[in-house]
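First up is the structure itself, then whatever we jot down about it.
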Amino acid sequence: MNSGREPRTPRTLLSIADILAPRMVPRAPSAPQLPESGPGPTSPLCALEELTSKTFRGLDARALQPSEGRAGPDALGPGPFGRKRRKSRTAFTAQQVLELERRFVFQKYLAPSERDGLATRLGLANAQVVTWFQNRRAKLKRDVEEMRADVASLRALSPEVLCSLALPEGAPDPGLCLGPAGPDSRPHLSDEEIQVDD
């Protein structure tokens, strides 16, 4: 009954082997026929087929239905690796964000009692306030680092380039902002440029 090969798992019409293999009609439902020229049981194609079939078998039927605006691996629920499902992203109201930002300007870290009071006042969970402040501190850190990098790159520029960046386009004399050029570094204006109302 067994011709030296391991019994194969049933395949779907979407498996890679079915797509690549020539069309065949099985003779009996209990013993599917495979072409002799097909890949052997130890080929990479068979391994890939086995891996994908195990993966799709492990998925929940409800996980294949569209989730609430989320996509990606976390939307599939607990998988074979025991990952927990992520909580959905909190959409803060404009008033909540305004109050959180206002508090953050004065205080980057909250004491537990202050955090509880703020959460109660805004109608948020304590964990949401904690997470918001953590994310906001991380954003502040990124912004400060980006600003420092910008300042460092500006310091590396020549004064002429800095001047051209500082003046509006079409400015009359770019030489006005070059800094001290001699004993009298103030710009000189001609009589036509000075207007005096009588």
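In case you wondered, yes, glycine gets a Cβ from its N, Cα and C as well.
Note that the structure is predicted; figures quoted are calculated from it, not measured.
Residues annotated as DNA-binding region in Swiss-Prot, with sequence analysis given as evidence: 85-144. According to Swiss-Prot, the feature region 'Disordered' maps to 24-46, 63-89, 173-198.
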Message = Treating G and I as helix alongside H, and B as strand alongside E, what does DSSP give for the DNA-binding region (85-144) in helix, strand and coil?
response = 43 helix, 0 strand, 17 coil
Query = If you average the pLDDT over the DNA-binding region (85-144), what number do you get?
reply = 93
